[in-house]
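Feature annotations, reproduced from TrEMBL:
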ACT_SITE  H218  active site
BINDING   A122, N188  NAD(+) binding site
DOMAIN    9-118  domain 'Aspartate/homoserine dehydrogenase NAD-binding'
DOMAIN    165-253  domain 'Aspartate dehydrogenase'
Amino acid sequence: MTASIAIIGFGSITQTLLSALGESDDIRVSNIVVRPERIGTTGYRWRDACFVASIDELAPDVELVVEAAGQPALVQHAEKVVTSGRRLALVSSGALADDSFRTKVSSAATRNGSEVHVISGAIGALDALSTARAAGVQTVRYTGIKPTAAWRGTPAEDCVDLDKITEAVTFFTGSARDVAQRYPKNANVAATIALAGSGFDETRVSLVADPAVIHNCHIVESEGVLGAFRFETTAAPLSSNPRTSGSTVFSIVSFLRDRTNAIRLA
Ligand SMILES: NC(=O)C1=CN([C@@H]2O[C@H](COP(=O)(O)OP(=O)(O)OC[C@H]3O[C@@H](n4cnc5c(N)ncnc54)[C@H](O)[C@@H]3O)[C@@H](O)[C@H]2O)C=CC1
Ligand SMILES: O=C([O-])CC(=O)C(=O)O
């Protein structure tokens with residue numbers, strides 16, 4: 001059965017995602033939600049997808065909306081998506097660090113028979129974190145190490161001279177709640193880890209700028225009653241966006257393909 005979906009955003013993730021989906025028989029992208037000023041802009045085309053500026057304009061058969069546009073876009077569109085009864089899959093999970101926004105979206109989804117899926121994105125080990133959470137308290141630490149280019153235009157520039165550093169510098173330590181809000185284009189993974197593991201305030205985060213690396217490195221360490229684990233991934237960034245790990249795109253592909261399988265990993 002062909003599923004009709006919409007995607008919010010037409011940036012690096014979406015454009016790589018559309019190429020990866022190719023001529024997929026089982027997924028049809030009916031709409032792409034862009035900013036109003038982008039409607040009709042030359043170059044904004046994708047097969048027979050119709051570019052729209054609001055959730056109200058989605059094709060009636062769209063049953064799932066994938067957000068890949070950033071935290072402000074998620075805040076703008078999430079409630080409308082779930083209120084329309086459609087399922088929402090998102091990657092800008094840092095927006096959920098705002099308790100009132102998270103509660104509002106969650107209540108609207110429940111009221112309207114919808115669901116919200118936080119896609120794993122650039123991170124892994126979410127299954128192990130939620131298993132540990134089910135068994136009791138765990139300590140969780142996340143370390144994000146990225147090349148200096150990934151930190152340009154962020155508050156990291158107030159802490160470190162990205163042009164001059166010659167070795168790795170840890171420029172932020174704090175909670176997942178703080179980091180998700182201060183680094184909205186780089187630290188959604190910390191929010192996703194917090195949701196799976198020990199919450200926004202208990203998850204400890206360090207961010208590192210390293211002039212010697214070309215990949216994004218994400219490390220999750222957990223200790224609890226079940227024991228301990230450490231997860232580390234070294235991910236190539238997208239050529240179109242040094243902040244975004246390519247694995248984010250394929251976590252969406254995997255989510256879209258797996259959801260129609262009769263046998264699914266929990
Ligand atoms: N959970 C995870 O592991 C990851 C999450 N992300 C999230 O994905 C977001 C997108 O990443 P990229 O595609 O690399 O960024 P990008 O900057 O290349 O693309 C974002 C696109 O969204 C559009 N946009 C912004 N506001 C919008 C709105 N209100 N409505 C519709 N479109 C809007 C922009 O015009 C732009 O084209 C990031 O900002 C971040 O929040 C990114 C990487 C990993
Ligand atoms: O793609 C990544 O490496 C992680 C990222 O930007 C985010 O979590 O927002």
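Just so you know, glycine gets a Cβ as well, placed from its N, Cα and C.
Just so you know, TrEMBL annotations are computer predictions that nobody has curated.
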Cβ-Cβ neighbours of A122 (NAD(+) binding site) (radius 10 Å): 25
Candidates N188, H218: member of the recorded positions with the richest Cβ shell (10 Å): N188
Helix, strand or coil at the residue listed as 'active site' [DSSP, three-state]: strand
DSSP-derived class (H/G/I helix, E/B strand, else coil) of A122 (NAD(+) binding site): coil
